[in-house]
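As structure tokens, the structure follows; a few thoughts come after it.
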Amino acid sequence: MDVNPTLLFLKVPAQNAISTTFPYTGDPPYSHGTGTGYTMDTVNRTHQYSEKGRWTTNTETGAPQLNPIDGPLPEDNEPSGYAQTDCVLEAMAFLEESHPGIFENSCIETMEVVQQTRVDKLTQGRQTYDWTLNRNQPAATALANTIEVFRSNGLTANESGRLIDFLKDVMESMKKEEMGITTHFQRKRRVRDNMTKKMITQRTIGKKKQRLNKRSYLIRALTLNTMTKDAERGKLKRRAIATPGMQIRGFVYFVETLARSICEKLEQSGLPVGGNEKKAKLANVVRKMMTNSQDTELSFTITGDNTKWNENQNPRMFLAMITYMTRNQPEWFRNVLSIAPIMFSNKMARLGKGYMFESKSMKLRTQIPAEMLASIDLKYFNDSTRKKIEKIRPLLIEGTASLSPGMMMGMFNMLSTVLGVSILNLGQKRYTKTTYWWDGLQSSDDFALIVNAPNHEGIQAGVDRFYRTCKLLGINMSKKKSYINRTGTFEFTSFFYRYGFVANFSMELPSFGVSGINESADMSIGVTVIKNNMINNDLGPATAQMALQLFIKDYRYTYRCHRGDTQIQTRRSFEIKKLWEQTRSKAGLLVSDGGPNLYNIRNLHIPEVCLKWELMDEDYQGRLCNPLNPFVSHKEIESMNNAVMMPAHGPAKNMEYDAVATTHSWIPKRNRSILNTSQRGVLEDEQMYQRCCNLFEKFFPSSSYRRPVGISSMVEAMVSRARIDARIDFESGRIKKEEFTEIMKICSTIEELRRQK
């Protein structure tokens with residue numbers, strides 16, 4: 001049947017149909033190949049925006065650096081990074097005047113955090129540039145490698161477990177004349193296989209010691225590795241994102257802690273809150289502007305867009321802001337906070353993997369690593385790539401590009417928000433000293449500006465003044481991409497405001513469906529997503545009921561667990577039918593065991609096992625949730641688990657769902673192909689680390705893993721704990737004398753082995 005799609009919208013107000021224009025159904029685009037080209041674009045663009053700055057050379061690394069601060073005032077609308085220090089400082093002073101004590105109080109809060117944060121804070125986060133191996137690794141591994149190298153070079157402050165002490169080590173490491181590191185490498189040999197008599201390639205993983213001189217070490221410590229940002233919807237071109245190494249991360253964390261604390265106190269800041277809290281905050285600002293624009297005033301709102309926010313920001317400006325915000329604080333605190341921006345003004349961008357070349361005629365493929373771009377003959381490249389390489393060559397050192405101006409993506413979201421809000425703050429009548437005034441919202445690079453004035457000329461004058469003020473702080477509002485409306489209709493961080501926020505449901509679409517973790521988690525996450533959308537996103541009861549039915553259908557197809565009385569044949573249907581026939585109370589079977597679905601929109605908050613518990617056969621209960629059943633996963637039985645949801649925009653959200661450990665909460669095994677690669681050494685280290693921690697947990701069950709305090713090592717702590725426990729168990733008659741003696745003997749053997757070692 002043909003349906004005219006416009007009929008669907010006859011009864012829908014136009015603003016509610018906004019969802020349908022969003023590119024959020026289907027798979028998002030992923031990037032393939034290397035990010036080298038995108039990174040060169042970023043580096044070249046950033047330098048172009050600041051080209052009228054002053055060139056200097058870094059005395060330690062020899063890197064050429066461009067400093068656009070206090071550069072020429074712009075004469076046209078082209079984006080530029082020439083922020084003026086005195087203007088930034090003045091904006092900060094006015095921000096403090098409007099919010100008395102804001103910096104002081106935030107500094108005090110941050111100082112407490114600095115003294116309490118443990119170094120394991122840095123294990124959060126995904127891929128991190130590991131400077132010891134010169135490539136990306138999971139954050140925990142990169143941290144472990146860094147600490148190990150520090151230890152082997154005589155830096156041990158970090159062993160206290162405080163992040164601040166680890167940062168002291170980082171500072172010390174930069175003064176050293178050389179650093180010894182261990183790197184993994186691969187050897188390939190062609191050998192004949194005894195069984196098949198074919199030639200095969202054997203790979204062996206070796207570790208070799210390497211010494212880095214001061215210059216090479218500094219380059220690595222200041223390096224941001226780059227990758228292509230994946231899964232960006234609604235864009236044709238990909239772009240590069242950066243991942244910093246462990247030396248930089250800790251310092252950035254403390255700066256962002258201070259900035260976050262400030263943002264929490266600013267009503268115009270869209271960070272760090274999210275969701276409904278953010279909407280409430282925004283609605284307040286709009287309400288204030290609407291009520292104050294009495295009948296005599298006009299009120300207009302700009303849905304704002306900034307050109308290349310990151311590439312025009314400047315770490316030197318952030319240094320000025322931090323210096324101002326911490327001006328009455330102790331010296332050590334000011335020093336800790338000023339290191340991040342200093343490191344960023346000396347940062348190096350790693351160009352990624354390099355380029356792949358293939359010759360169609362000779363069926364040859366070869367990789368040109370980034371390190372070779374400085375010297376290779378350019379005749380092999382096409383025009384656009386040739387231009388990029390020529391432009392970037394003067395900046396190259398050891399395969400990385402010197403990138404002093406600009407702030408790669410996502411590094412100082414909070415601090416740059418403070419900068420943006422400081423301009424919104426200047427819109428008060430006591431600062432504009434005229435008939436127009438403005439206010440607005442800022443969230444990282446996204447903003448909405450509300451301007452009030454008696455007439456259209458006043459509105460225009462207000463917008464112009466805002467635009468020029470932004471230019472002075474290195475912010476470039478895009479005149480092409482920003483648009484203005486009567487207040488009451490605007491968009492901010494993909495929230496659409498039309499006399500109140502309209503649910504933009506399309507953005508939640510990617511999180512519907514089966515997540516693919518395991519049968520237990522997937523069921524729980526699926527119904528939780530539907531429940532959350534009924535609460536937050538105007539998902540009505542009828543649609544929710546339909547979403548639920550579609551989800552159950554999807555779930556059954558994914559896990560091949562159609563009802564026991566169905567005709568559908570799958571690999572599992574034989575087992576499921578057998579279970580169905582021998583089950584007295586069929587309603588008690590979980591959906592994943594071929595049972596019926598008992599969910600409706602009223603009971604989405606109850607985990608399925610609890611929902612059906614009373615209906616289950618006793619022996620089924622015993623199999624499903626019995627701790628003695630080897631198939632019941634007991635990694636940790638917490639009532640809440642976290643799933644990482646990827647909403648359509650913004651960072652991955654943590655979503656809580658109820659977790660009941662059953663035979664269905666299995667954990668998939670790691671892909672074996674990793675075992676044949678150079679990652680294998682890393683994997684073995686990781687497993688070793690895991691085993692030690694698990695063992696430690698067994699001895700100190702209540703411990704969330706913290707290094708035992710005092711001088712004892714982990715082994716000594718475990719041995720002494722074992723002795724105490726054994727004695728208590730022996731005296732209370734829980735264990736026999738033989739067992740007690742055996743435990744004591746083992747403890748002594750362990751100590752003896754340690755002494756010999």
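Placement of Cβ uses the backbone N, Cα and C atoms for every residue, glycine included.
Within the listed segments 89-96, 217-224, 249-256, 337-344, Swiss-Prot records region 'Promoter-binding site' for the stretch 249-256.
Annotated by Swiss-Prot as region 'Disordered', the relevant range among 23-52, 53-82 is 53-82. Which of 187-195, 673-681, 700-708 counts as motif 'Nuclear localization signal' depends on Swiss-Prot, and there it is 187-195.
In the region 'Promoter-binding site' (249-256), helix, strand and coil residues by DSSP number 8 helix, 0 strand, 0 coil.
Within its own chain, the motif 'Nuclear localization signal' (187-195) has Cβ neighbours under 8 Å at 201-204, 206, counting only residues six or more beyond its boundaries. Taking H, G and I as helix, E and B as strand and the rest as coil, DSSP gives the region 'Disordered' (53-82) the counts 0 helix, 8 strand, 22 coil. Model confidence over the motif 'Nuclear localization signal' (187-195) is summarised by a mean pLDDT of 80.
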